[in-house]
Amino acid sequence: MKELEVRTASSAYPVYIGEGIRKQAAALLSSLNRPLTKILLIIDAEVDRLYGDEMFRLLNETWPVKKVIVPSGEEAKSLKEYERIQTEAIAFHMDRSSCMIAFGGGVTGDLAGFCAATFMRGIDFIQMPTTLLAHDSAVGGKVAVNHKLGKNLIGAFYQPKAVIYDTELLKTLPEQELRSGMAEVIKHAFIADHAFLEKLLTFDTLQGLTSAELNEMIYKGISIKSAVVREDEKEEGIRAFLNFGHTLGHAVEAEYGYGRITHGDAVALGMQFALYVSEQVARCKMNRKELTQWLIGLGYPGSIRQDIETPVLSARMMNDKKTRGGMTQFIVLKELGEARDCMLSKDELENLLNKWRMEETA
């Protein structure tokens, strides 16, 4: 089992990574030395089918546990599900020494974390991610639900008390979900670690990754994010660099319809555009075409659906929470392994997006 500490201005907590460590969950929770009266286990429906009974039994040997099953997919991050979970918590007579555990992917973690942040003005919560994508979202304390007008518009910064990452659970992931999660690993390399990026570039497929390779990628990705969050917990500075690929990525997700394209595929499209902007605006020296072809070779899409018009996408991007005074903060690369931001107007963004889309479909 690997262990690292995430330290922020407001808290510090352990991240445990290893195969089969879900079976040690009760012992790991006890080692935190937190008062714990009850557990609300918030679990993804598909994860519940595979591991729900086992996890309930393991925890229920030590504490009273109530299981709440949430839908798989982005639709779970709704105000309706948020209210349902809070109702379950109240009916279970949870108090301020109770705990919520998120057992699922990033969606489950976002939802459970926001519920914990707001129940009785904040109770403990634990992240138990079950997807590769969640290696990113489980660390750093961003929790939220969606609004019909945009993703993650209702949320908070609220750190978990621990992250328990059982990599054995990744073995049941379909290739599409593995690829989705790998996009965030690649993002971390692009913005913060050239040597790690060079290592990733040696992989021409995501099939057949060994447990050791996955564990190392997860550890490296979380280490990079932890270092960023340590310096900037609430996205007032360099934490914004973690949004590399996400400005367009979130717009693509919204226009395709949540669940119609994976988060990772959308972010990969966003990174391809961000590489183009890095070249055009930040004068980043790189072999962009080669990097783009590598991403496509791993199975990521190389262009956005033609029926989605550029002005619609640029309007979505300008509605991003990083927009200030008619300018949106866009993350680019100064060089491979080092990020910076730039401010773009709607016209500049639209012009760059038009040129990139014409190039990608040429």
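The backbone N, Cα and C atoms fix where each Cβ goes, glycine too.
Taken verbatim from Swiss-Prot:
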- 72-77, 106-110, 130-131, Lys142, Lys151: NAD(+) binding site (BINDING)
- Glu184, His246, His263: Zn(2+) binding site (BINDING)
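Ranking the binding-site residues Ser72, Thr108, Thr131 by how many other Cβ atoms lie within 10 angstroms of each Cβ puts Ser72 at the bottom.
The binding-site residues recorded for this entry are Glu184, His246, His263, and the Cα of His263 lies nearest to that of Glu74 (NAD(+) binding site). It is Lys151, among the binding-site residues Lys151, His263, whose Cβ has the fewest other Cβ atoms within 10 Å in the structure shown. The subset of binding-site residues (Glu184, His246, His263) lying with their Cα within 10 Å of the Cα of Thr131 (NAD(+) binding site) is empty, i.e. none. In this structure, the binding-site residues Glu74, Asp110, Glu184 were compared by how many other Cβ atoms lie within 10 Å of their Cβ, and the smallest count belongs to Glu74.
According to DSSP, Thr131 (NAD(+) binding site) sits in a coil region rather than a helix or strand. Spatially, by CA atoms, the binding-site residues Glu184, His246, His263 include one closest to Thr108 (NAD(+) binding site), and that is His263. Ranked by Cα separation from Ala76 (NAD(+) binding site), the binding-site residues Glu184, His246, His263 are led by His263. His246 (Zn(2+) binding site) sits 22 Å from Ser72 (NAD(+) binding site), taking the Cα positions as reference. Each of Leu133, Asp136, Ala183, Lys187, Gly245, Gly249, Gly264, Ala266, Val267, Gly270 belongs to the same chain as Glu184, His246, His263, is absent from that list, and has a C-beta within 8 angstroms of the C-beta centroid marking the Zn(2+) site.
Lys151 (NAD(+) binding site) and Glu184 (Zn(2+) binding site) have their C-alpha atoms 18 Å apart, to the nearest angstrom. Around His246 (Zn(2+) binding site), taking its Cβ as the centre, 23 other Cβ atoms fall within 10 Å, counting all chains. Around the Cβ of Ala76 (NAD(+) binding site), a 10 Å sphere holds 25 further Cβ atoms from the protein chains shown. For His263 (Zn(2+) binding site), the nearest neighbour among the binding-site residues Ser72, Gly106, Asp110, judged by Cα separation, is Gly106.
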